[in-house]
Amino acid sequence: MEFSGLGHLFVTVFLYNYASCIVIPAITDVTMAALCPGQDECSLAIYLTGFQQAITGLGGLIMMPVIGNLSDTYGRKAILTLPITLAIIPIVVLAYGRTRYFFYAYYIVKTLTATVCEGSVACLSLAYVADNIPDGRRASAFGILGGVSSAAFVCGTLTARFLSTTSTFKVSALVAVITAFYMRTLLADSSCRVDETSPLIPKNGKAEIAGPDDGDCPPKMPIGKKVPSLDDTVQLFRSSLTLTQAAVVAFFSNLGEGGLRASLLYYLKAQFHFEKNQFANLLLIVGIAGTISQLLLMPLLSPFMREESLLRIGLFAGCVHIFLYSLAWSSWVPYFAGLFSVLAIFSPPCMRSIASKQVGPDEQGKAQGCISGICAFADIVSPLIFTPLTALFLSEKAPFHFPGFSIMCIGFAMMIAYIQSILIRTAPPISKMGNRTSAEA
């Protein structure tokens with residue numbers, strides 16, 4: 001299947017991300033208005049956001065490997081239905097009302113549903129692409145998938161720029177419903193292949209393959225293997241040093257990105273009095289830069305540059321743009337820093353592609369789920385570190401005057417990911433190793 005065969009998946013991802021991203025510029029103001037009306041700094045809002053992120057990360061740590069593995073068994077489409085449907089509920093709550101009580105209802109529902117939804121759609125979409133795109137073109141395919149998400153981010157942010165807050169949440173709820181209907185109606189399940197050369201398929205216990213009458217359904221796995229154990233996850237990472245290194249990069253880069261998500265908008269509101277429209281302008285710059293990079297620049301560079309090199313470029317650019325945020329001396333500096341997203345956006349698809357090549361075709365869901373679980377663990381740790389730090393340095397009790405100190409610490413976490421990426425030496429893809437073994441036999 002070529003890229004054109006992924007059209008329905010791209011539309012599903014676009015609609016899902018559009019519904020999620022259209023509310024981002026407004027949610028900070030809604031939170032502040034519900035919890036601390038009339039104020040530009042609110043420690044309660046910062047702590048609640050950090051707590052929600054930690055709980056979401058804990059749920060993701062548990063659920064991502066399970067969801068990825070279940071999708072290997074039951075198919076990507078069947079499992080994808082769950083997060084896309086659950087994501088509708090919290091948006092509908094804020095579409096109905098945004099008073100303090102409605103906000104708390106939204107907060108509770110969002111926290112619970114996000115344990116399943118956050119990262120699941122991206123994880124399953126990456127596995128879907130890996131099912132249908134050969135090793136040599138996965139970096140470009142993952143980049144295009146990321147570009148579709150960035151395009152949805154741009155369109156959602158641009159729409160929010162011209163809609164009232166009330167209309168924003170109603171449009172988001174409507175698009176979320178359309179996404180679920182479109183996915184169930186038009187998206188075909190991905191093809192299934194089992195690679196018997198994979199190090200995780202036991203020699204004396206092969207997976208049962210669907211018979212001719214089963215059509216394109218996924219392979220029937222032994223009942224005990226439907227939910228991965230901790231030993232399965234450890235064995236997966238022990239099977240490849242490169243996969244382990246990619247997991248370390250994933251942890252530290254997501255530690256930084258999670259801290260930035262939880263802290264940046266509150267920092268900008270306190271430091272430069274940003275509001276919904278300024279947030280939308282900044283997010284538009286970041287989104288447009290990311291879209292151009294993933295849809296145009298990355299497909300042009302990936303045939304000529306190794307994925308490890310693109311990963312390093314992306315992480316280095318990520319360090320630079322975070323440090324610029326932390327040192328911002330004027331309200332135009334965050335906009336300039338956002339331009340570095342053109343290069344910083346390289347890192348997630350390259351990291352996922354490197355990980356994808358280290359496992360067999362029947363384990364793509366498990367591999368992407370485990371990487372997503374590592375990212376979720378980073379989302380647990382990140383608010384525990386950066387939320388109190390941000391609240392402290394934005395308050396009058398800061399030990400010294402440096403409002404961007406927590407953002408600078410986030411940059412140091414990203415720098416650790418960059419240093420680790422330098423050590424990655426990609427092993428041959430597992431499929432090529434399997435082909436070589438078959439030829440020798």
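Counting starts with 1 at the first residue shown.
Note that Cβ sites are derived from N, Cα and C of the backbone, with glycine treated the same way.
Just so you know, TrEMBL annotations never went through curation; they're auto-generated.
Per TrEMBL, the features are as follows:
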- 5-429: domain 'Major facilitator superfamily (MFS) profile' (DOMAIN)
- 45-67: transmembrane segment (TRANSMEM)
- 79-97: transmembrane segment (TRANSMEM)
- 103-129: transmembrane segment (TRANSMEM)
- 141-163: transmembrane segment (TRANSMEM)
- 279-298: transmembrane segment (TRANSMEM)
- 335-355: transmembrane segment (TRANSMEM)
- 367-394: transmembrane segment (TRANSMEM)
- 400-424: transmembrane segment (TRANSMEM)
* Under a Cβ pair cut-off of under 8 Å, which of the recorded stretches 103-129, 279-298, 335-355, 367-394 contacts the transmembrane segment (141-163) most often? -> 279-298
* **For the transmembrane segment (79-97), sequence-distant contacts whose Cβ falls under 8 Å of one of its Cβ atoms, 6 or more beyond its ends** => 12, 16, 19-20, 23, 30, 67, 70-71, 103, 105-106, 109-110, 113, 116-117, 120-121, 124-125, 128, 166, 169-170, 172-173, 176-177, 179-180, 183-184, 187
* Asked: Restricting to the same chain and to residues at least six past its boundaries, which positions have a Cβ under 8 Å from a Cβ of the transmembrane segment (367-394)?
  -> 41, 43, 46-47, 49-51, 53-54, 56-69, 71, 118-120, 122-124, 126-127, 130, 228, 233, 236-237, 243, 246-247, 250-252, 254-256, 258-259, 262-263, 266-267, 270-271, 351-352, 355-356, 358-359, 402-407, 409-410
* Range from 45-67, 279-298, 335-355, 400-424 with most C-beta pairs under 8 A to the transmembrane segment (103-129) -> 45-67
* Asked: Looking only at residues six or more beyond either end of the transmembrane segment (279-298), which have a C-beta under 8 A from one in the stretch?
  -> 21, 24-25, 28, 139-140, 143-144, 146-148, 150-151, 153-154, 157-158, 160-161, 265, 268, 310, 334-335, 338-343, 345-346, 349
